[in-house]
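Taken from Swiss-Prot, the feature active site, proton donor/acceptor applies to H158, supported by sequence analysis. The active site, proton donor annotation in Swiss-Prot covers K162. The NAD(+) binding site feature in Swiss-Prot is assigned to G11, C12, N13, G14, R15, M16, E37, G101, T102, T103, A125, S126, N127, Y128; the stated evidence is sequence analysis. Positions annotated as NADP(+) binding site by Swiss-Prot, on the basis of sequence analysis: R38. If you look up Swiss-Prot, you'll see H159, G168, T169 marked as (S)-2,3,4,5-tetrahydrodipicolinate binding site.
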Amino acid sequence: MDNPIRVAVMGCNGRMGKVLLEAITNADGVVVGAALERPGSAVIGLDAGELNGLGKLGVMISDSLDKVRDEFDLIIDFTRPEVTLANLAFALAHQKQMVIGTTGFDDAGKAALKEAGKQIGIVFASNYSVGVNLVFKLLEQAAKVMGDYTDIEIIEGHHRHKVDAPSGTALSMGEVVAKTLGRDLKECAVYGREGITGERDRNTIGFATIRAGDMVGEHTVMFADIGERVEISHKASSRLTFANGAVRAGKWLGQQGAGLYDMQDVLSLK
């Protein structure tokens, strides 16, 4: 590609930011154009590549998108909802595309993303793993065949530092199953159980959450009947799988116009 896509990595010194820098550096057709950290961070002004063991990139870490606005075409953001929404406002004002992996948005935040998609290109996904997005399709098929007569439970586990629960991926899995069955997840979801709960309602979708150690991300959806059960699982062992997927999404987005897309669009799974 003669003109590679220049990427601004938000939270470049965080867990995902570091692997995003690695993924971009190792990929064709994209380059690190800017690297951002929060104001006051001790890493401001350092070379993003040298800081993360990637060699000198010539990209100094900044604390403001506005300061480096001419250095990038695309923002990749795996931060927090309030930070992402502020970055979204900047992207709208300056016509920058975005790949968003932030989870935990409320309804107003999701509405803001949808509205922004009318003006700029956005890929927004709860999970950028190719494997997880294949699981979404498998869940749709399983729900069609077994969903009406089985008990459906979703179990997810992540590292001790994850701040939202259930994970965005687990909720997306629940949405896929609920939509396939003609249900509203807001009405049928059960988040954890305690005490005398009574018998299980067949129409509910249960969620259980584990937060422990350094788990990168594990998800299992169970369709349980009397005498048998089907479990569809995905286990991630490295954040690089998410970073590579986000870079893939960014390269795909470079060929698209305005719109709010997800990884199902990127992978042609719709």
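Cβ coordinates are placed from backbone N, Cα and C, and glycine is handled just like the others.
Counting in whole angstrom, H159 ((S)-2,3,4,5-tetrahydrodipicolinate binding site) lies 11 from R15 (NAD(+) binding site) by their C-alpha atoms.
Rounded to a whole number, the distance between the Cα atoms of the residue listed as 'NADP(+) binding site' and G11 (NAD(+) binding site) is 7 Å. Following the DSSP three-state reduction, the secondary structure of T169 ((S)-2,3,4,5-tetrahydrodipicolinate binding site) is helix. Annotation note: R15 (NAD(+) binding site) sits in a helical segment as assigned by DSSP. R15 (NAD(+) binding site) sits 13 Å from H158 (active site, proton donor/acceptor), taking the CA atoms of both as reference points. A separation of roughly 11 Å, to the nearest angstrom, links the Cα atoms of G168 ((S)-2,3,4,5-tetrahydrodipicolinate binding site) and H158 (active site, proton donor/acceptor). The least crowded of the binding-site residues G11, G168, judged by other CB atoms within 10 A of its own CB, is G168.
Between the C-alpha atoms of N13 (NAD(+) binding site) and T169 ((S)-2,3,4,5-tetrahydrodipicolinate binding site), the distance comes to 23 Å.
Sequence-distant neighbours of K162 (active site, proton donor): residues of the same chain at least 6 apart with a C-beta under 8 Å from its C-beta are R211. Of all Cβ atoms in the shown protein chains, 21 besides its own fall within 10 Å of the Cβ of N13 (NAD(+) binding site).
Rounded to a whole number, the C-alpha distance linking A125 (NAD(+) binding site) with T169 ((S)-2,3,4,5-tetrahydrodipicolinate binding site) is 9 angstrom. For the pair H158 (active site, proton donor/acceptor) and N127 (NAD(+) binding site), the Cα-Cα distance reads 13 Å.
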